[in-house]
Every structure is written in C-alpha cells, then in structure tokens.
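**Student:** Quick one: this structure, given as structure tokens, is what I'll be asking you about.
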Protein chains: 4
Amino acid sequence: MKIGILTSGGDCPGLNAVIRGAVLKGERVHDAEFVGIRNGWNGLVEGEFITLDRHSVRGLSGQGGTILGSSRTNPFEGANGGPENIQRTLDAEGIDAVIAIGGEGTLTAAHRLTEAGLKIVGVPKTIDNDLEATDYSFGFNTAVEIATEAIDRLRTTAESHGRCMVVEVMGRHVGWIALHSGMAGGAHAILIPEQPKTIEQICEWVEHVRARGRAPVIVVSEGFLLSGMEQAHSHKGLDAFDRPRLGGISEIIAPLIEETTGIESRATVLGHTQRGGAPSAYDRVLATRLGMAAVDAIYAEQWGSMVSLRGTEIEVVSIAAATIGLKKVSPVRYDEAAVLFG
Amino acid sequence: MKIGILTSGGDCPGLNAVIRGAVLKGERVHDAEFVGIRNGWNGLVEGEFITLDRHSVRGLSGQGGTILGSSRTNPFEGANGGPENIQRTLDAEGIDAVIAIGGEGTLTAAHRLTEAGLKIVGVPKTIDNDLEATDYSFGFNTAVEIATEAIDRLRTTAESHGRCMVVEVMGRHVGWIALHSGMAGGAHAILIPEQPKTIEQICEWVEHVRARGRAPVIVVSEGFLLSGMEQAHSHKGLDAFDRPRLGGISEIIAPLIEETTGIESRATVLGHTQRGGAPSAYDRVLATRLGMAAVDAIYAEQWGSMVSLRGTEIEVVSIAAATIGLKKVSPVRYDEAAVLFG
Amino acid sequence: MKIGILTSGGDCPGLNAVIRGAVLKGERVHDAEFVGIRNGWNGLVEGEFITLDRHSVRGLSGQGGTILGSSRTNPFEGANGGPENIQRTLDAEGIDAVIAIGGEGTLTAAHRLTEAGLKIVGVPKTIDNDLEATDYSFGFNTAVEIATEAIDRLRTTAESHGRCMVVEVMGRHVGWIALHSGMAGGAHAILIPEQPKTIEQICEWVEHVRARGRAPVIVVSEGFLLSGMEQAHSHKGLDAFDRPRLGGISEIIAPLIEETTGIESRATVLGHTQRGGAPSAYDRVLATRLGMAAVDAIYAEQWGSMVSLRGTEIEVVSIAAATIGLKKVSPVRYDEAAVLFG
Amino acid sequence: MKIGILTSGGDCPGLNAVIRGAVLKGERVHDAEFVGIRNGWNGLVEGEFITLDRHSVRGLSGQGGTILGSSRTNPFEGANGGPENIQRTLDAEGIDAVIAIGGEGTLTAAHRLTEAGLKIVGVPKTIDNDLEATDYSFGFNTAVEIATEAIDRLRTTAESHGRCMVVEVMGRHVGWIALHSGMAGGAHAILIPEQPKTIEQICEWVEHVRARGRAPVIVVSEGFLLSGMEQAHSHKGLDAFDRPRLGGISEIIAPLIEETTGIESRATVLGHTQRGGAPSAYDRVLATRLGMAAVDAIYAEQWGSMVSLRGTEIEVVSIAAATIGLKKVSPVRYDEAAVLFG
C-alpha cells in the first residue's frame, strides 16, 4: 500500500513528529510505502510529491515546522481541483490512501472528499486546541509553555517599574492558550473570546492588584472582544495566517487601562514564536502516537475518520462528529480560573 | 474553617502550586483560614506549624520544591503518633481539616486516619505517575520534559563519537518517565520495570541501530531488571529518597553492551535534576486545579477522598480505590513505543 | 560604613545579582551596612529607603528585575533635587556612599553629583551594550540568548510557509543585540542603526535567499533607519521605557518587502521579553563580580568612577571617560557578519 | 585553494558553527573549496573524506556535535601516520591546507606537523576553558549555562528536604566550569583542582550554611582533590573521553559530609549533558567568528598559528605560545568567589 501524507494550514510544533510516527509504523508494521505531498492540498491539485521514507524522517520528532511544507489551498477550487481530478492525480502517482494533517477546514474538506469516494484519514492540527472530539491537540502544549515562559519574564519587568503588562497570546475563537498560560503564569486577569468584558471590569481588576502593591499582568487572547466596542469588525476576514499581523487587541486595551487607571501599561504580542520551533516532549509523544494511529486507521479502512486523544488513549472518531463546532472554554473552566483574578 | 496543609515524601515540581491554589480558592471562595504543617506528617506529630495566607503563597505557582518542607515520617509511629495524638494536636491548633499532599504511602496513611475519624482530603503526588485513578500527576510532565532535553543533548555527543548512550531516568516500579521521554527523545530502546529484557535483546537493538550507521540511545528506568540477573535484590529497601543514590542499572548495562558489542558505551544518571526546579506550565495548571478542588472536597466533607485528573476534568475519588495498586505501563503502550526501537 | 544602593532606568536581567554581590562582599569583607534606595534617584530625592541585608538578597543571583524598583527621575530636578538636597537626605539617613546602577544618563548624573562632592560609584547597566569602557554589560547576554531562541523558533515557521520573517530586537542607537542574535540565529540579513540600508538592498538579500529555496529571516534593531525615509522622526522623544511600544520598524519593512518581492512577509517585535526574567549564567557571574568590585571601589574612595569588564577582568574606570560616546558596532564587525547575509 | 577541516577530541557545542563559519567565509570571500576530514586525524591517516560545501553546512550554527565526527587518533602513530604519509594523503586528495579544530593535544600535534612542513591552522576547542591565549573557548559558555540550570533545579529539592547537594561538573585539570556555574548558581562552596581542601574545611562551610537554616549546595570539579587522600591516583590514565565514567569525586565527598555532619547529602554527576546539544548564542557567535578567522589565517599562510578570543576581538596567535601550559583559575579569581561561600 502506498500512502500519501500532507500538512495543511498554519504550522504547528509536532507536524514532523506525526509524519515520522506514521512512516515508521507504516514501514515496520504494515510494510507500507509513503510519498510526501508538498504544500498541503496544493500538492494534490498540482501534483507535487517528494520521497518520504525512514531516512527522510530521521531525527524529526523534535524538529519544528513541517518538512512537507503547507498552504491554504482549497482542494475543491482551481482547474485541477475537485474529487475527480484529485483521484486522477492519486492514481497517476499510485497513491492508495492519504493522511491529511490539518485544522477544521482541512478536515472538513477531507471529509467531503471521502464522501466522493477518496480514501482519506485525518489528523487534527490546531494550536488553539479548538477542535471537539480530542482532549488536546499537538502544538497546544508547546504554545502554552512558550507563552508561560514569556509571562514569567514580563512579570519581573512589570514589577520593577510598577507597570501593567498586557500579554497577547494566540486564540482567535477560543481562549485555551490564554486560560492555561494565564493560570500557569499567575495572571491577574485572563481575557478570552468566550467571555467579553468591559474595560471597566478589566480596570477594576487592575486597580485591585495595584492596591495590593503588585504589578498587574493580564493575558488576553487575540480574539477577545471588549464589550461595547465595534472592534469585533476589525477581525473580519482574517485567518490563522494573518493572526500575528493582527496584534491589535492588547494594543487597544493597554492604552485604555493607562488612560482609565493612570497606571503605566504596556502591550506585548507574542505572535509567531508560539507556533514555531521544537515541540515540547508532551507534543512529541502525542503527535507520534497520532501519526502511528492514523496509519492503523488507514489499514482499517476508516475513511472519513480522524484520530484523537481521549484521556490517555488514542481513539478513532468520525470527522463529521469532530467538526460540528468549536471546542470553547466552558463557563465552569473560566470561573475556576477567575478565582485567581484581581 | 481552619485548614492545615502538609506535603509528604519526595519533592515534586508543582507542590507549591497546589498549596497556592488551595489557599487562594479557600480564602476567596470559602473564607477559609489556613495553617502550614511543617515537614509532612512530622509537623502533625511534633506540632510544627507556620502561617499560611495569600501573602505566603504569592508567586508560588512557578516555584519548585515545597515551602512547607517534607519528610518521610509515618504518622502512626512515635510517642506522639497515631490518630488520637494527632487529633489532639489538631484540636490544640484549632485545625478543622487537613489537605495531605503525597504519594501512595501518604495517601494510605491519610485514609487510615480518616477511618479513625480525622478529617483529611488527599492530593496525589508522584513524579513517577504510578498512581491509579489519575490520568497524570503533577511533576511527571516536568520530569519528562527535563529528561527529554537531556536525551536530545546526549544524542549529539553520541553521534559525534559513534557511541552508545544509556540514559537512566526515574521510575522505580513503573516506566512512565522512560516511556514518554524515550518516545519524545527518539530513543532506540526503552527499558522499563514492567518489561524485563535480556542483555542479548538489548544488544540486538544496539547492533541494529549501529548497522544503520547511527549512535544508539537507550533510555532506562532506574527500576528496570535485566532478565536472568539477581540484580533485583540490590533494589531492596530503597525508597524514593534514596533513588538517585542508586544510579546503578545504567552503569551495569553500559559496560555489558560495550563488552558484548564492542561499541563504546556510556551511562548517564539524570538523578535529582528531574524532580527539582520550576514546574512546566502543564504541571502548574494541573497542580493549581488540584489544590483548588481539594478545598472544595473539604467543604463537601469528602473525608478519605482524593482529587484526580480524568481527561480534562478534575474529579474526586476514594483514596481506597486509588491505592489498590500501581498504575503500570500496559503491554499495549509498550508495544506501541517498541515499534520505534532498533 | 553605610552604603546606599539604587537602580535607575529600564530594568535589565542581573540588577539583583549586582545588589546581592555588593551586599555580601560588603558585609563579609568590609563589615559594611547597606540600605536600599527605592525607585532610582527618586528614592534619594523623596527619601524612600528599605532595609538591605544578607537576608534580603538571599537567592537573588538568578532573579530578574530589581528588588529596589526603578524610575527615570532626574536627580537634579524637583523641589528636593540637586546635590545639596540629596546630600542632606543622605546625611539624615546616615548614608556614607552610594552605588548607582544605571545607564548613560544615570552615570552622567552620578558623575555630576560627585563633582558636587557626593560619594558615588557607578555600575554600568545597558541591555543594548552601548557603553564605552566595558566589553559587555550584564543583561546583554541574556537578551541575545532570548532573541536567538525566538529567531530559531521563527525560522521553522518561516520555512513551513515559505515566508520572510522580520524579527525586531532591542537596540535604539546601536545594533549589538541584532548583530549577535542575528549571527547566532543564522539570519540572512541584519539591519542596525549604524548601517542604514535601502529597501532595494534588503529585497536583494531576500530574493537571493528565496532563489536558493530558503525562507529569508531578517533581524532588525528597533533603531534601524531605512535610507531615504523620513521615518527617523518617528523615533523622536522616545526613550528606553517606551521602546517596546514603538515596535514599528519591522512593521514598516515587512510590508515593503512583500510589496516589492511578492514574498509573503511577517513582522515580529520581541519587545519586553528581552529584558525580563532570569539572567543567563554569564550575566549572573558578570553582575555579581561588578557588584563586588563596586564595593571595593567605594572603600578605595574612587568617587566618580564605575566598574567595567575588560577581557576577563573587572576594572575601575572614570565615568567621564566611559560616557564620552556610545559604543557602536564598527564597520569591521558588521562586514564580518555581512559575509553570512543573503 | 582546497581546504580540509577536521574536528578532534571530545565533542563540544559550537564545532558545527566553526565549520559553517569557515565554509561560508571561504566560499564567498576567498572562493575556496572545502573537504571534510572524517573522525579527526584518523581521516587524514586513513584517508576518509566527505564533501563539505554551503549546502552541507546549512542550519549548522545551532546544531550540537560535529558533522565530521571525531576521534582521539594520534597523527604520528600507525603505519600511515606521520608527516610524510599525511602530506601524501593530502596531495592525493588535492588538499592545500588544513583547519584543525581541537584541544591542547590536537593543537600540539598540528604544530609539530607544521614544523614538518604541513600547512595547518588551529582552532582551539576545550569545554574546560583551560587553554592559554584565548579568553574563552566555545562550548564553555554552554556548559556553564547547562550546569547552572541543573544547580538551580537541585537547590529547590535540597531546600525541600533540608539536604546537602554535591553537584559534580566537568573540569579535570582546571575549575572554570565549577567557578562560573557555582557563582551563577549561588553555591555555598566551589571545589576546584587548583585549590585542594580538606573534608574538615568543606564540612565547616556545610555546617555554617545549615546553621543559617539553609540547604548547602556544593559545586565540585571532577578533578578536585581532597587534601590528604590518595584519591588522586584514581584519576590516573583517564582522559576527556572517560570523564563522565569517572563520576566519583562527588560520590566520595557526599558520604563523607553526611558522616561528618550528620546532614543528609546527595551527589549528582552532570556528565555528558554538559557537552552535548545546541550551543548557546554566545558560543555560536564565538565559534562562527573563529571559523571565519581561521580561513583568513589560511590565506595569510599563518601556518602553526591558531585563532583566539581577546576581549571582544579575534586574534591570531602561535600555537606554541598557546600550549605552553594550562590556563588555571588564579587564586585571585577563587578568593573573589570564596567571599560568597558558607
């Protein structure tokens, strides 16, 4: 059996570990052959392939990025897009099945293609951890560790100058990175898309912290919305790729805090550093296990399914069930963290 | 309500985050008072207490060790030990209930004391991750990250000299740290207590790796047993505190590999660095949540219970159920990793 | 002898190590007493002091920020400013001499005060490493390590998406942080204030890198000037404290590159993370040695002097000589690095 | 001109950065060609070569180990050894000159070969920083950072259990790594080969620290000698490669401290982790500059010379002058640090 692998969408620490896990499991256990599909769906649409064997995955478990490259190509668009053309390309290359590693968009596209008869298994990839049907996705743990280290560093400079620090982390639609890095970093307030707050509420926390003689540290998701501001619109039409360009929300909040409270305030946008570089050990293990399980799903012919983490086990679930909605931070989890605010 | 907190047994990154989480949740939500019990059960037996309020826990979430100190005192031993004496000490100090943070021994003792009428809730602490009824325990993630970083470093020196590296990590009875750090570090063999192997099997892996022109990296749990050696006895009577002194197994295996295969081999015992220092963000979040949940369990009067992690949720379980046996690495998990060996 | 210590200006990893080194050396060798002056010169002007003894400096060598607090107060301004008032404040507090830790402004002020008869010794502090008369200043090494780690991370995401990354590091007037982190991180171009370049030259490098199939990584000092742009003015009136707010130059360059070359480009401003958090071992050793040497200079009555690093030795030099001009990156050092560009 | 490069002796973070710096500078500025000599002098004796061009050095600045491999072969030994044979091998391969990267032994051999007419330039490599004529050598800074991080971690576990920690770092003949990591880590005693101490003196420090209610942390060089013990002999016949196997001195001292003071004591041998893995930014910059300067020295035909660091500048010095003796820690530097002991 010849299996193609592609990585699609914004990159994420652990992509290479998934690829390595799949190739080693496939070659050793199932005697599979592999081929690398370049730049996500674009490689299938345009027919760009690279050899992918055990030598090409050597030492990849700890390497950031993706050796296959990535893109945002929609497989249903373009002259060579759509199920028929893609199937023709696969046949020409002798590819029997495909492992598609990507986020909600990629998985939904994969699912539609399987409905048209293509043989695809998905691996969920979202640094924001916003996919249902998986407890955690690889890359998230690394992003939280990096954000927490930055918050630790920013706290000392905040304390030295008696300033308020507003740290902007990734999370366009959900606040998981902010929630975890904020709890880990001892933030005095965590602002997430699921919980709009007024500037008054934020300043109340800031002043409460200041009253105790401390320097307020606020962690905010890039997708947080300030209640009563039309600022929501500014997010329109932006996607994962543009996020670090957005910056924005922390640079809107910091001056408002300074203006309202008189406390010198600074914004820091962590940006792309959260998604680059070597994956944490946690993400390497998770990604390796997902890659291995994806190959097993291929041999079990579970087309249209994806592999996921449940507790400590890797499971196979239907993509349809996994992509019904975003996994948001529940009020219960937010309130749990909010006890530590102010 | 006045709540006493104690930390018992070998230290573990995240102990201070548990204490901080408990104190902040207790003071802010339940209006509780806290008192610190010094050096584990010894503080209850000898009556050593320190003040514990929100100021004493400031900035603790990222701090290693335990501000309360620890010891291996058995609360049932000594002139002032036993339920009656301890209850008398608690009454004298006006302590209504106790949060006991510790491993299997500590939790079992806590459970026996609750059977004698004491009001105690447990928080599981085991760097080895060997407790049933919790998916992961705080400290484990940090240990795995530290061990993985060391394996990454040792690989480059192994490659430069064409040597075999045997890296010894913690794990006296179970191989979780070796399994995860070995998978993350791309080890060519992982040796754990649950899976005795012969030196011949180990050397077969080593030679297979060498035949592919690579430098073999082997990760071994301190508690691994070499099949057919009486070396098991050398472990007798050792406990978590003595472990780094043991060293040993890697220093037994490395020379045997060199002797059998002729490949220059080196042993490195990571030792105490795995359990010291700042906890990872993952462990800070887990420990903080467990501390907060322990206070809730106190107010729910769930004596004899402990808090634990299930998937992404914190649950309350009975200590009795949690301590029936060690959580071992299953053959399924070991075989999953073994695909990557050699 | 009673010695006051103050830290002035933007914070810098190593400030606490200087304080600790001075206090331990002073107490143990010279039997000195110490008092902490709060928030830089402001503490002398307004008379804010805190106790400073061996207990207050315990464990400080690895701690970021400054336990004394900092400010930008000019000691010659305000109703209570000026040599006479400050001397009166010192006499009232029984302070015999002062160790002033700060940058060019602080040291120049210290020098002027010594000319008016005050007993002050300086310790140079500049994260930008822009002070003459010292090979390196503490904080610089830490900033370079943090920036390099960020560049390493950003490279992988750049490669995955075939993008150009523009990383903005600190350095308002000199390019040392960019030069060192750029060389360490393997940047394809380093842009510093000492070497204005046209956007055409920058794009030439970018296209050359792209032609070799790689993702261009450009490191730029915040103070870099694009030849032929009036953008210089935008820097007016900004100081070390406002720098991370400036951001800017990378956000100007990245779109210009994308526009000119058609290569998707992203800007990342590292900001305050470079100056916060735990100092590197290098900076801890340097800062500790400087603090100890400052106390010796006090006992040698070398008023108006500052301690500095020359090769591997700590020397005492006159502040006047040290502050004649900024230590810029020489054309020789820039050309050395430029060999690696493109 | 065709230049061969070899790396000899124990590996060291930064070797690959030297190779990269040399190749890029040589190809771009001098239009040189390069060839990689495998496994140190052995490659010249046995004639093992690999291609070495800009593609083979891509991304090497941050990679640990050496892509050329290393060995301890003495170029004057063996049937194919000695100047004549080596010159013949070089002629056969068309190699005009050689860059030899190694420690004292390698440089001395290189010097002897140049006296026999071979065209060789040296680059000093010693993780111990024990070479005269260079302020610092690459690898040393990385080793100190790693050792300091370990000391930071070990302190917290020491404090939690009220134990004494004895941390053994590299340094067979000189104590630079112990001196710097001990100062950075706030050690209560630093034991180095240059300063033999009695166990009584060590225990006096330990008890003094304990009397202040703290947990003693002692950093010891592997080559430290306990006054009045014949233990010196145990070092006989060991070389850089065997060092981590030695362990030893900390495992001798810790039990003696426990026996004498009654304070529970533990030994940790950091071993190979100090010399493996990614170099620090400091070492990447230093190594890159040394590699570039070595190529210039080749074109300046400075045979028998080596490149070195003086202050902030790279200089060319004669190997003969550089290898007259070991660079030891001076009493002045030791006494400076000793102020912080106890």
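Cβ coordinates come from backbone N, Cα and C, glycine included.
Just so you know, TrEMBL annotations never went through curation; they're auto-generated.
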**Student:** Can you tell which of A:Gly10, A:Gly14, A:Gly162, A:Gly171 TrEMBL lists as binding ATP with A:Arg72, A:Thr73, A:Gly103, A:Glu104, A:Gly105, A:Thr106?
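**Tutor:** The record-listed residue among the candidates is A:Gly10.
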**Student:** If you measure from the Cα of A:Arg275 (substrate binding site), which of the binding-site residues A:Thr73, A:Gly103, A:Thr106 is the nearest?
**Tutor:** A:Gly103
**Student:** In which DSSP state, out of helix, strand and coil, do we find A:Arg72 (ATP binding site)?
**Tutor:** coil
**Student:** Around the Cβ of A:Thr126 (substrate binding site), how many other Cβ atoms lie within 10 Å? Please give the count over every shown protein chain.
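**Tutor:** Counting Cβ neighbours of A:Thr126 (substrate binding site) within 10 Å gives 26.
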**Student:** Measure from the CA atom of A:Gly103 (ATP binding site) to the CA atom of A:Asp128 (substrate binding site) and give the result in Å, rounded to a whole number.
**Tutor:** 10
**Student:** If you count the other Cβ atoms within 10 Å of each Cβ, which of the binding-site residues A:Arg72, A:Arg172, A:Arg266 comes out on top?
**Tutor:** A:Arg266
**Student:** Secondary structure at A:Thr273 (substrate binding site) (DSSP, helix/strand/coil)?
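**Tutor:** Helix, per DSSP.
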**Student:** Mind sorting out which of the binding-site residues A:Thr73, A:Thr126, A:Arg172, A:Arg266, A:Thr273 are close to chain C, meaning Cβ under 8 Å from one of its Cβ atoms?
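**Tutor:** Going by the Cβ criterion (under 8 Å to chain C), the qualifying binding-site residues are A:Arg266, A:Thr273.
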**Student:** Can you count the other CB atoms that lie within 10 A of the CB of A:Thr273 (substrate binding site)?
**Tutor:** 25
**Student:** Return the average pLDDT for the domain 'Phosphofructokinase' (A:2-298) as a whole number.
**Tutor:** 93
**Student:** Any idea what the Cα distance is from A:Thr126 (substrate binding site) over to A:Glu104 (ATP binding site), rounded to a whole Å?
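**Tutor:** Computed Cα spacing between A:Thr126 (substrate binding site) and A:Glu104 (ATP binding site) is 8 Å.
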**Student:** Could you work out which of the binding-site residues (A:Thr73, A:Thr106) has its C-beta surrounded by the smallest number of other C-beta atoms within 10 A?
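**Tutor:** Result for the binding-site residues A:Thr73, A:Thr106: minimum number of other Cβ atoms within 10 Å at A:Thr73.
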**Student:** What same-chain residues, at least 6 away in sequence, bring their CB to under 8 Å of the CB of A:Glu104 (ATP binding site)?
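**Tutor:** Those within reach of A:Glu104 (ATP binding site), by Cβ under 8 Å and sequence separation of 6 or more, are A:Thr126, A:Asp130, A:Leu131, A:Thr323, A:Leu326.
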